[in-house]
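Taken straight from Swiss-Prot:
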- 7-170: domain 'Exonuclease' (DOMAIN)
- Tyr128: active site (ACT_SITE)
Amino acid sequence: MQNPQNLIWIDLEMTGLDPDNDVIIEMATIVTDSQLNVLAEGPVIAVHQSDEVLARMDEWNTRQHGGSGLTQRVRESRISTAEAERLTLEFLEQWVPKGKSPICGNSICQDRRFLYRQMPTLEAYFHYRNLDVSTLKELAARWAPQIMEGFKKGGTHLALDDIRDSIAELRHYREHFIKV
């Protein structure tokens, strides 16, 4: 089922925004075809972290991830960062050859920074290019702000939900902003 035109969408939830001091606590992937039709959802993985690591989260992350149940899932998880990387690669290898898909998502450069430091084999699986939906969001906000009114994100800050939102948002921009 591998197709070099398929797109890999990824989202990470982290303990904060600093890849040198914060860590990945959840990850999910979705593979779409080039027309944004979902082909498969990968594993949704809560990555185990110690209570000591979780205690270093700032107020926003503590409230957000605690309220969504993610912090508890991370505590209960037995999956290490290395195992999460392995499971995700195992899934992706079924759908996209190495080096063919850009890394796809929202503000994806931030996710890529964490992958580079904490999951380098997974980061290297992607093409060097990024498909960042937030680029279109920024352009639409400046060039056609009325388009922004037609799309609302769920905002759960759970990895799989965030990817679904990103794909839906790109579909929205394709229909209302990009003239093809």
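Glycine residues also receive a Cβ, built from the backbone N, Cα and C atoms like all the rest.
The shown structure was predicted, so the numbers you read here are calculated from the model rather than taken from an experiment.
Confidence over the domain 'Exonuclease' (7-170), given as mean pLDDT on the 0 to 100 scale, stands at 96. Cβ contacts within 10 Å of Tyr128 (active site), excluding its own Cβ and spanning all protein chains shown: 9.
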